[in-house]
Amino acid sequence: MINSKQKIAVLGAGSWGTALAALVARHDYPTILWGRDVRVIQSIDIQHQNFRYLPSIMLPQTLRATTDLAAAVSGADWVLVAVPSYAFTETLCRLAPLLSIGVGVAWATKGFEPGSGRFLHEVAREILGGDAPLAVVTGPSFAKEVTLGLPTAVTVHGEDACFTQMVANAMHGPMFRAYTGNDVIGAELGGAMKNVLAVAIGVADGMQLGMNARAGLITRGLNEMLRLSAVIGARPETLMGLAGLGDLVLTCTGDLSRNRRLGFALGRGQSLSDAIREIGQVVESVQTSDEVMRHAEQNGVELPISEAVRAVLREEITPYAGMKVLLAREQKPEYLDILFKANCSL
C-alpha cells in the first residue's frame, strides 16, 4: 500500500530532533533524520536507538537516519529543523540550495541567533526567501517524555495558516496535542526566555531558598516575558499559553531541564565550566541570556532576573550576590496591568 502522507526530513539528531522524528514516524509519516555524528546516526538507523541522547529507548523501525543532508531533504514535503541555536544559521545556509520551491521549513530550535540577537524567523526568512512557508514549534516538552509516549502539548505558530496546520497535523496524536497560532514573535520569545529564567530558579533551588522563592521567581519571570513581549510586537496571550507560561513552568521545575540543572549546580557552588561539562549537552541559556538582555536594553525594558542571570553566567557576580541584588530591590506595586504598561519598572 502506498503511503500518501507527506515525507518529512528532520534535521538534528540530538534528543529533541530524535524525539520529534520518532513522533511523526509513529504517526506513519515517512521520516528521515539527519545528523552529523556518524555513530549516533548508525545507532538510530540500524539499532533503532539514539545511544547518546536517548539511551535505552526504542525508536520506530520505520525511522531512517543519514549523515547526507542532500539525501535527507530529497523529495521532502517539508523540513523540521531541531538543531541548537548556534547551528541554526549554518544549517539553513546548507539547506537552502537543496530545497525545492514551495517546501516549507519549521523549526523546534529555541533561542536567538548568537551574536546578532535576531529572532530565528528573521534568520530563516533572510536565508530561505520570502516565499518559503515557515513555522515554529514550541511549548513545554521534554524530549525523553515525548519519546516515551507520555502526554504532551505544544503549539505551532506561523504566518502561513495551511503550512502551520500541516505541521501540527503531523505531530498531533493520541498522546501529543499540537495547537496552532500565528504569533511567531511571541512563540519564539517564550521559548528563548524560559531557558534564562530556569537558571535563576535552579540557582534558588541549589541554594535551598525554598518553594516560596521558586514560586516568586517563576511569577516575576513571567512578568519579564510579558514586559518584553509588549514592546517587540508579541501578543501577551501567547506568553500566557504553552509557548510562555507552559514552557516556563516545565523548564523551571523539571529535573530533565538542562538550564535548571545548570542553575542548580551553580547554586551549589560548582563552577560554570564544570557544570556545563557535567550536563554534557548544549545549555542554551549561556548564550541566550546575552541576547535577551540585548533586546531589553535596545527597548528600554528592565528585566532584573534575566539581568542577574546574565551576570552570573558571565561570572561577573556569584549566584549568592545575584540573589541579594534581587532581594534588595525597592518595594513597589505589583503592577498587574503590565500588559498595557510595558515600561513601568518591576
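Every residue gets a Cβ built from N, Cα and C, even glycine.
Since this is a predicted model, take the numbers as computed values, not measurements.
Annotation comment: Swiss-Prot describes Ser15, Trp16, Arg36, Lys110, Ala143, Arg258, Val282, Glu284 as NADPH binding site. Look at Ser15 (NADPH binding site): DSSP puts it in a helix. In the shown protein chains, 22 other C-beta atoms lie within 10 A of the C-beta of Ser15 (NADPH binding site).
According to Swiss-Prot, the sn-glycerol 3-phosphate binding site annotation covers Lys110, Gly139, Ser141, Lys194, Asp247, Ser257, Arg258, Asn259. The Cβ of Ser257 (sn-glycerol 3-phosphate binding site) lies under 8 Å from the Cβ of Phe142, Ala198, Gly202, Leu250, Thr251, each of which sits 6+ residues away along the same chain.
Annotation source Swiss-Prot lists active site, proton acceptor at Lys194, citing sequence analysis. In this structure, Lys194 (sn-glycerol 3-phosphate binding site) is part of a helix by DSSP. A sphere of 10 angstroms centred on the C-beta of Lys194 (sn-glycerol 3-phosphate binding site) encloses 32 other C-beta atoms.
With all protein chains in the displayed structure included, the most crowded Cβ environment within 10 Å among the binding-site residues Ser141, Asn259 is that of Asn259. Measuring Cα to Cα from Trp16 (NADPH binding site), none of the binding-site residues Gly139, Lys194, Asp247, Asn259 fall within 10 Å. Taking CA atoms as the reference points, Gly139 (sn-glycerol 3-phosphate binding site) and Ser15 (NADPH binding site) are 16 Å apart.
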